[in-house]
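Pulled from Swiss-Prot, these are the features on record:
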type: DISULFID; residues: Cys258-Cys429; note: disulfide bond
type: CARBOHYD; residues: Asn73; note: N-linked glycosylation site
type: CARBOHYD; residues: Asn120; note: N-linked glycosylation site
type: CARBOHYD; residues: Asn208; note: N-linked glycosylation site
type: CARBOHYD; residues: Asn216; note: N-linked glycosylation site
type: CARBOHYD; residues: Asn332; note: N-linked glycosylation site
type: CARBOHYD; residues: Asn437; note: N-linked glycosylation site
type: CARBOHYD; residues: Asn670; note: N-linked glycosylation site
type: CARBOHYD; residues: Asn784; note: N-linked glycosylation site
type: SIGNAL; residues: 1-18; note: signal peptide
type: TRANSMEM; residues: 804-824; note: transmembrane segment
Amino acid sequence: MGPGLWVVMGVLVGVAGGHDTYWTEQIDPWFLHGLGLARTYWRDTNTGRLWLPNTPDASDPQRGRLAPPGELNLTTASVPMLRWYAERFCFVLVTTAEFPRDPGQLLYIPKTYLLGRPRNASLPELPEAGPTSRPPAEVTQLKGLSHNPGASALLRSRAWVTFAAAPDREGLTFPRGDDGATERHPDGRRNAPPPGPPAGTPRHPTTNLSIAHLHNASVTWLAARGLLRTPGRYVYLSPSASTWPVGVWTTGGLAFGCDAALVRARYGKGFMGLVISMRDSPPAEIIVVPADKTLARVGNPTDENAPAVLPGPPAGPRYRVFVLGAPTPADNGSALDALRRVAGYPEESTNYAQYMSRAYAEFLGEDPGSGTDARPSLFWRLAGLLASSGFAFVNAAHAHDAIRLSDLLGFLAHSRVLAGLAARGAAGCAADSVFLNVSVLDPAARLRLEARLGHLVAAILEREQSLVAHALGYQLAFVLDSPAAYGAVAPSAARLIDALYAEFLGGRALTAPMVRRALFYATAVLRAPFLAGAPSAEQRERARRGLLITTALCTSDVAAATHADLRAALARTDHQKNLFWLPDHFSPCAASLRFDLAEGGFILDALAMATRSDIPADVMAQQTRGVASVLTRWAHYNALIRAFVPEATHQCSGPSHNAEPRILVPITHNASYVVTHTPLPRGIGYKLTGVDVRRPLFITYLTATCEGHAREIEPKRLVRTENRRDLGLVGAVFLRYTPAGEVMSVLLVDTDATQQQLAQGPVAGTPNVFSSDVPSVALLLFPNGTVIHLLAFDTLPIATIAPGFLAASALGVVMITAALAGILRVVRTCVPFLWRRE
């Protein structure tokens, strides 16, 4: 090409396989000669309009073949968007020395024209590239046409056109975290390295997994090669357009989000790109590269200096972290602090479990906030911990070339739990909009794994009856997250919840970690159908009963004990040897329809049960309120209520009400009781007597109708007999409340044994969940909408008859019978005689 022409060719690189070649950075000295000309490349300095190239007319018989393809729809409006790439074409920009007065020509050449063409004999022969001993770079920034005087104005970053992704460079250049890696501790000061496979340990193919492998998942190792994604070439594009594309060897990614937030993490060899965006806060981006790499910021085309490096903390022994975001100390100090902490996470551990344990603790340790509102700082921290967990999991699996089965199932299960908690509890998302996509497994291998696990789900529930086996089956269904898996385990999960309720009524405390874990996954299985759309009638009925049982399991004593258990568990957790797994501390309150656990009465009850501690009282009270708020946010599913308790959200014409439900009791398949602090305009309403006037309580029986009227609660003394006959209470709900307006228990009378337990009252030495030493009022809520104030059960004695009296009575009956027989005989004899005489 002659000296009078300048040619700029851009080749966009996508995902490709193979490890034989990679990107290498080459500097054209011509670029440097023209740096001073960049400031002159504005076509119209008055309006700041970007320079636009000319394109051939597709109808031109000579040059139409070089016109932009029709699918790009390039116009003067779309050309500045830089969407020039078409998969079937290469584009070439030809300009002259008169640039920018001559805007140049943007030409498109089909790739098919370039394939298989013979070499031009007039061109000098290129030397063959010999083999190189240098391994391919893990991370290479593709600066492309940076500071090219012929293209920098055209390819000017949108970050300099519309916004700057790092407005406060000094604010985003902060010191390294306290737990970050050092030369002495290159994997983090508090790192607990994940175990590797012992020498000689076999690697099991996923197609051969059995129930025995599931029971011994902690010593069952799978081959990473073939199960994980094979590293492939990939170009990471920063959404902020503040840095140039980065070439990496991708190993997968993790994404989760909802209607109010989105998190995307891209993993690679020595690389992680994390983007966090929310509806209620500006976006943030974290980029992790090897310690010896730098990422240049896309500079102003008129700047003659070399581009600046992206902000972030100083490099560590293994990685360097760059930060892009808008928060500044002046306007959002908490968000900036959260971003600083997120930037330190990738260097603090190589063990995925440590990150997940810390994420659970972050969720429970956050200040209560206000209801279900979004809290960006908490969401950023949870997203950073979850993304760093995936980064550590993938890196450890590739380093060991093996994956422990328990780690694989644990990572997938806890990722789903944490994504849901972060989305609903921190981002304010609608529950039915939450999604999670973990793409670190090879797609074909994942299908084989899911098929095998789906087979084992049905087998383990069919062949084994232990609680451990059933909890494992429910966890597998939760990991698979498919309608088929949920349908296979849902009947078993419903029976398990009923069985645990029977044990609870018998006085057993459901506090063992295995019981809590089984209850966690069982309730998750029953709630799952509402995420897939409208549940069937069977699914709705099963879920309604499950919600009713978990609400019954959540008494005031259970709620207070849950606070104490969570505080104690968090206090002894160091996230190294002692990890915190939330399913092992699960409370039925978190899956119930009780939304009153953050009220003052429950907080005082929880503090009363607190053991002696050096923690200041105000700090303990704040922690308790935080845990109570978490339980409420965890359980508060507006979408779930609409799906399974639609009568509670039924819309009627006329004035609406803002009464927030405190407790929901789905007592039949189409009717529910709701407890509120203000009366509702529809349904059968009852005002509870003897309650503090500052916190009144109302109970309303709701159906799908819009009529409403009030009734009085009638006090009654019920009668029980000593022959244990049916009392007509099966299906009713026993509700106990205090004068302070605290509902202590909402217990379902589900069987004859339960109604007999209620009627008989407390027995010495045997716990009875229906009784209470606290001054309170007991109500019975019946399925037909009737509510009575239960005063007591009166015993109706059975009359005692002496044996002698029975013998005399029998003799009297015999004598009377004989007399009647004699009289009848006389009548039969006399009547014919008198008839003949007449």
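Glycine is treated like the rest: Cβ placed from N, Cα and C.
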- Message: If I take the Cα of Asn784 (N-linked glycosylation site) as reference, which of the recorded positions Asn216, Cys258, Asn437 has the closest Cα?
- Response: Cys258
- Query: How many Å lie between the Cα of Asn208 (N-linked glycosylation site) and the Cα of Asn120 (N-linked glycosylation site)?
  - Reply: 56
- Item | Helix, strand or coil at Asn437 (N-linked glycosylation site) [DSSP, three-state] | strand
- Note on the structure: recorded positions Asn73, Cys258, Asn332 vs Asn670 (N-linked glycosylation site), shortest C-alpha separation belongs to Cys258
- Task: Determine, to the nearest whole angstrom, how far the Cα atom of Asn332 (N-linked glycosylation site) is from the Cα atom of Asn120 (N-linked glycosylation site).
- Result: 62
- Item | Those residues of the chain, 6+ apart, with a Cβ under 8 Å from that of Asn437 (N-linked glycosylation site) | Gly253, Leu254, Ala255, Phe256
- Query: Taking Asn73, Asn120, Asn216, Asn332, Asn670 as the glycosylation sites to compare, which has the smallest set of other Cβ atoms within 10 Å?
  - Reply: Asn120
- Task: For the glycosylation sites Asn208, Asn784, work out the Cβ neighbour count at 10 Å and name the residue with the minimum.
- Result: Asn208
- Give me the non-local Cβ neighbours of Cys258 (disulfide bond): same chain, 6+ apart in sequence, Cβ-Cβ under 8 Å, ordered along the sequence. Ala423, Arg424, Ala427, Cys429, Ala430, Ser433, Val434, Phe435
- Item | Cα-Cα distance linking Asn120 (N-linked glycosylation site) and Asn216 (N-linked glycosylation site), given in Å to the nearest integer | 65
- Task: Calculate the distance in Å between the alpha carbons (Cα) of Asn73 (N-linked glycosylation site) and Asn120 (N-linked glycosylation site), and round it to a whole number.
- Result: 34
